[in-house]
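Have a look at the structure below, then the notes.
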């Protein structure tokens with residue numbers, strides 16, 4: 001039995017059970033740790049003893065004035081105001097620090113905190129909080145459907161929109177990012193969680209786009225983000241961790257830690273985000289979860305099973321085994337380590353998770369609301385684009401009128417496609433939104449003009465002495481802006497002192513004639529220096545024929561690995577070949593045969609290695625080098641041979657050299673082309 005399961009059985013909070021077991025000397029436990037039968041029995045004995053209420057100094061009951069505020073009650077009870085707010089939340093009441101409390105609410109809070117109080121008389125305040133309901137209602141969603149009522153519990157304090165303060169923060173759903181190596185089961189896990197098993201596998205072993213949605217467990221909501229597993233999407237992934245509260249690293253029990261797993265771990269550690277490891281595919285015969293736990297210790301992750309702080313959960317996204325335990329672990333980490341809060345009444349701020357162009361709806365952007373409330377009709381600005389929220393839906397397509405913190409929603413109404421990771425915020429009106437967007441776009445243009453392509457003094461010196469750097473001119477088109485950006489972030493760092501990528505243009509949607517025009521306008525005499533790549537898009541109209549006329553290459557991909565490899569191949573094709581000499585063998589001339597016309601056939605014996613017909617030889621006589629040139633013919637018993645191995649005789653003629661003597665040594669070699677690397 002796990003600690004949190006015992007807490008649930010006994011009807012106490014996770015914090016309380018951990019604290020009481022520690023104080024009683026049973027031990028220090030994490031909520032997700034396993035208790036054997038002996039420890040569980042000991043824990044039950046300790047926890048069955050009623051907690052003696054803490055009274056004021058001298059053992060007196062604590063006197064509480066009528067109409068006490070949340071902050072004042074915390075001070076009187078000797079606890080932080082946030083503890084009082086947590087209890088109120090459990091009773092279904094949202095309250096700010098200065099909210100006044102009714103006497104019966106004070107009694108309920110005190111009882112929950114193990115205190116004995118008496119509420120005195122005082123002059124009534126103008127506004128008192130409602131009595132806490134006897135039965136706590138289920139947690140309401142932050143996103144409100146069209147036609148639905150407010151999401152806040154009845155009687156919750158209301159603050160003017162845009163005037164919220166940090167003290168008005170209330171608990172919100174945790175935002176969880178799922179990371180891991182290709183094919184380790186991230187998509188299958190997400191599909192199982194949302195009960196929409198539409199994807200049996202990832203195309204080419206990769207999730208192509210980030211998605212966002214919510215699931216509900218025991219009345220509590222969790223927001224999930226999905227980041228692709230390939231290193232190409234490191235930029236996307238880093239944006240994911242910038243808005244996330246918890247990271248789940250998915251590791252396959254049959255593969256253990258792989259390169260992308262390590263990268264995901266480093267990103268999460270750098271972001272200083274709590275990590276939960278989901279050991280997936282535990283249903284396979286070759287699964288070895290213990291090896292995964294051992295391997296994790298090499299990457300600064302010490303599992304709880306080894307005395308560390310990182311929760312690990314064995315799961316099977318295929319069968320569903322362990323998924324409930326994983327969700328419990330998420331809620332535990334959220335409750336104990338994160339305690340996520342936001343102010344739904346503050347000015348709305350959020351992050352663009354994804355954006356694309358839809359034929360029927362225009363620009364569609366996935367937004368994660370982080371602060372405040374996004375409402376239909378709001379004027380918003382995101383990066384260098386702006387617009388009015390004309391429509392808003394959740395991940396199930398339900399139309400919404402507003403969405404609060406941690407809600408992932410799709411909105412329409414922007415005048416362009418923002419970048420994944422752009423901040424989105426509400427503006428006062430369309431005029432302000434337009435001005436903000438134009439200023440931001442102008443800064444982007446200036447950055448591109450002044451910051452792009454800068455060379456250090458050392459790089460410039462190297463370029464002057466090595467000749468001009470060759471460039472592969474690239475036009476990138478993809479189905480969504482996030483992919484465009486991720487591809488650009490992946491290919492721009494490629495290259496070396498001899499070749500680099502220059503991105504001419506990027507965009508969302510099918511490849512068009514204008515893309516071909518951009519590519520051909522910068523075309524050099526070398527037709528290999530320009531490439532249009534499309535990711536999950538097609539070509540419009542007669543684009544393919546026009547590209548052929550302009551000698552512009554177009555390549556379409558649905559798998560990111562292949563696209564990046566094609567760009568690398570295009571860059572390598574621009575580099576001149578490099579050859580190196582490879583020794584083949586040694587041959588001794590033992591007899592000469594003179595032919596008409598003055599040519600000589602060297603009757604030879606291969607001492608070691610091999611001699612090849614298309615190889616070259618150096619003719620040595622003693623210590624003197626007489627000739628260096630290609631073999632003309634290679635025969636055995638009048639038959640042409642491609643090569644002759646050591647221990648065999650052969651006849652050799654050398655192109656352009658006949659001054660051979662018995663005893664000469666032929667050093668055979670060939671020039672092999674070195675595979676260029678970036």
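From the backbone N, Cα and C atoms, a Cβ is placed for every residue, glycine too.
Per TrEMBL, the stretch carrying the note region 'Disordered' among 121-147, 148-174, 337-363, 364-390 is 148-174. A strand conformation is recorded for residue 180 (GTP binding site) in the three-state DSSP classification. Among the binding-site residues 180, 183, 186, the residue whose Cβ has the fewest other Cβ atoms within 10 Å is 183. Annotation for residue 282 (GTP binding site): spatial neighbours 253, 289, 314, 315, 316, 321, 322, criterion Cβ-Cβ under 8 Å with sequence separation of six or more. Taken residue by residue with DSSP, residue 186 (GTP binding site) is part of a helix.
Mean model confidence of the domain 'Tr-type G' (171-341) amounts to 79 (pLDDT, 0 to 100 scale).
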